[in-house]
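Some notes on the structure that comes next.
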């Protein structure tokens, strides 16, 4: 609730209160949101390597709460100088705090299920559906009640309520501490991956054993008795095969991660240009009430929640009887459906914007502050369809990166999910600025695609460009997904094997396994 209580209406605050233009306000939103979603890489590192998920979340939530308090003060106390500087400082303190909470709280929740208990393993299959449900339920509150408070009552109360809500949720989290299953940190995943890559680079010209049976796994006690080496035992020379496989598991997800960046850039339009469109339309609902433009984001949440319920309770049980897959369809298939739906969203946005521009021209509403005589609900299809797309894309993406990450790198896997969103936000900033500058330079000043005056802009062309990029990206995704091999579930993480590097000796084969007894 706290994050979306800020993010949903931030572009409106920057435009109205801080007097920022279309490109500047949109990019400041996406740059901040990109930071929010990219910093979980650092949070995952701290959790996996040093503090563990519980303490990383605990410390980060305190930073998060401090940032929210400062943000509330920045919009409440006019005498706070420089107000704009303090406001942005508070925003980025919030970003640092969320960097520690986002990759760890969902991972910690999934950790509460025992993979070796069939009943708990079954419940875990629905965990991420209901996890996203709870997030979007809080988002729905932010997109309706909080947005109304911010637009019609004041920013002080509009930011104060989510700040108080965050404080209460942190308290509730700590009250449950005795009941949690805590997993100890197992070392930095980045260091482990770097060790494998360095060792591989040092051995690039060494032949592999001819007999794959030479590379097999031993229990820890057997390993301690049998392992011998005639070379260096440094982890930068000698790495367990389990560590090699973990690195391969993380690296093989990178192509999938790369193909999720453009879809995340499409999602970024919800909180920026989609909202800016809404400010130019007729928002009246009766003689005495105007719907805040950011409230349309509530329809993303509503359709997301409804789609999750239908998916989990109707679609998944039916389809898994046909496919035999416990999830009904694979995670990559579910993501693929989300890809297609997001493309349809941008087509709908393009058509709606074209209609808006036609009506604006017909009624000569071409001024920057002119309201086009067209209902804001013409934008409803693009918001609603994005909610359905999120049910497929975002839930599957989160579960995929968590599920396919090795046991000791689950937080890093979750940070892959957040990183894809963050990179998409930064890509959106790049595209908006580049398209604005290039089209205005090419067509003449005041004739670009994205101007401060949206009534003479061409957001329809920009949305069309996003459709083309998304289609090309979808083709690449299909190729990458077809080549992806899922991990086998249920492997014992304690079984290890050493890849040994011999610097010399009578039977120096370069890289050999522990001889099988």
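Using N, Cα and C of the backbone, Cβ positions are placed for all residues, glycine too.
What you are looking at is a predicted structure, and each value in this text was computed from that prediction instead of being measured.
Matching 10-28, 29-47 against TrEMBL, the residues noted as transmembrane segment span 29-47. In TrEMBL, the transmembrane segment annotation falls on 291-311 of the listed ranges 291-311, 396-416, 417-437, 438-458. Which of 85-105, 190-210 counts as transmembrane segment depends on TrEMBL, and there it is 85-105. As a quick check, the transmembrane segment (331-351) and the transmembrane segment (253-271) clear the bar of 3 or more Cβ pairs under 8 A, pairs 6 or more apart, so the two touch. A Cβ distance under 8 Å defines the sequence-distant neighbours of the transmembrane segment (461-485), meaning residues of its chain 6+ beyond its ends; these are 252, 255-256, 258-259, 262-263, 265-266, 269, 273, 332, 335-336, 339-340, 342-343, 346-347, 349-350, 353, 431-432, 435, 439, 449-450.
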